[in-house]
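Data block below; observations after.
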């Protein structure tokens, strides 16, 4: 009898390691793909050779530079010039400066792009609003941005987080829900932008329409991009053997500032965050360029200056959805111990078209003899966020594994976006907002504790609207 009781306790404990107290939301959204917006939904702006698809990214390592990008139909004199100045009050005459962009175009199958202009502006003042203009004669268009505050450990800053956006009616809802939040200052975007490759011959016009679609946000706020599988555009059967060609031509970044040799992996420092961007679809095995770069970059992180260490990589390492299940496993096995040793705070991914937040877990103790092959709680591990739920044409990934595994804290098969409000070196507030009834409902939230300065276990503070 005593032996039976012992066996019963053992079985119960074994089950407890697999079945989680996490939440699988019962909110139901149709699995049908959202309607894609047509090419005509976002027409080119009026005016001769008017600039379009305007967007900005950080142009250096620490936030005193910006890359302003735009597209024009023709490469006319002056079309590569950007004029910019500090916003001033009253009758003060602004001191205007000019920058000159590099200009290129590309061909893809039967498509020829417009002229792609990328102007790098350096020496900006921190935490300052700038006005900028692109275009010539009667086609000048004006925008603005605010440079980030100077890097420091207690600098508050708010990031939006959007992934796998595409250009459907649901995508539009996601983007404008984020834009309605006055706190958002920059966007972390872990891949899959236009979904042009879901159309015949990777219809490059969808890259143009996507650029026009996101311009109302991307021309005013810095986007930090990771490349996803829908950016690969590798189609040798139609004469396109060069991976990432449209993405690299259209979306420049300051990768050289972080000593990277590729725009597909790089890092920046912004306010109190050190952000590392990795490429799921570039070689990352031992001694490859990405491996060597990441090893060196993690050594450079100074948590006394940038306490919040955030990584973006498109394919998730912890995912309990049957869609793309364990696709990120080889990269996890390669780098997870580095992330734990470096006390990474957050890892942001897309790829899976639903939402999930993990517990702080790791699976780094496994070897072929000890059988420790399941993730366990680890206070030094990051929280993994899967946010491939922007609204793209492929629809919702609504097939979660059952039972919910112990590493999964909250999961929901619906569209939305997230917001990360960094308060200081110890605390940041994270919320995920589902698209529901035309409102960005806050469905999941948690107060994050910094792994370097305050490595205390977080208490669940959300999941009240499941």
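Placed from the backbone N, Cα and C atoms, the Cβ positions cover glycine too.
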351, 352, 353 bind substrate per Swiss-Prot; candidate in 201, 229, 237 listed for that same site: 229
Per Swiss-Prot, member of 154, 164, 233 binding Fe cation alongside 192, 195, 353: 164
Listed co-binder of Zn(2+) (same site as 192, 229, 351, source Swiss-Prot) among 177, 249, 252, 314: 314
Which of 324, 351, the listed recorded positions, has fewest other Cβ atoms within 10 Å: 324
Count of other CB atoms lying within 10 Å of the CB belonging to residue 229 (substrate binding site): 19
Candidates 172, 424: member of the glycosylation sites with the richest Cβ shell (10 Å): 172
Rounded distance in angstrom between the Cα atoms of residue 424 (N-linked glycosylation site) and residue 352 (substrate binding site): 31
For residue 195 (Fe cation binding site), the one of 172, 324, 351 that lies nearest, given that the recorded positions are compared by Cα: 351
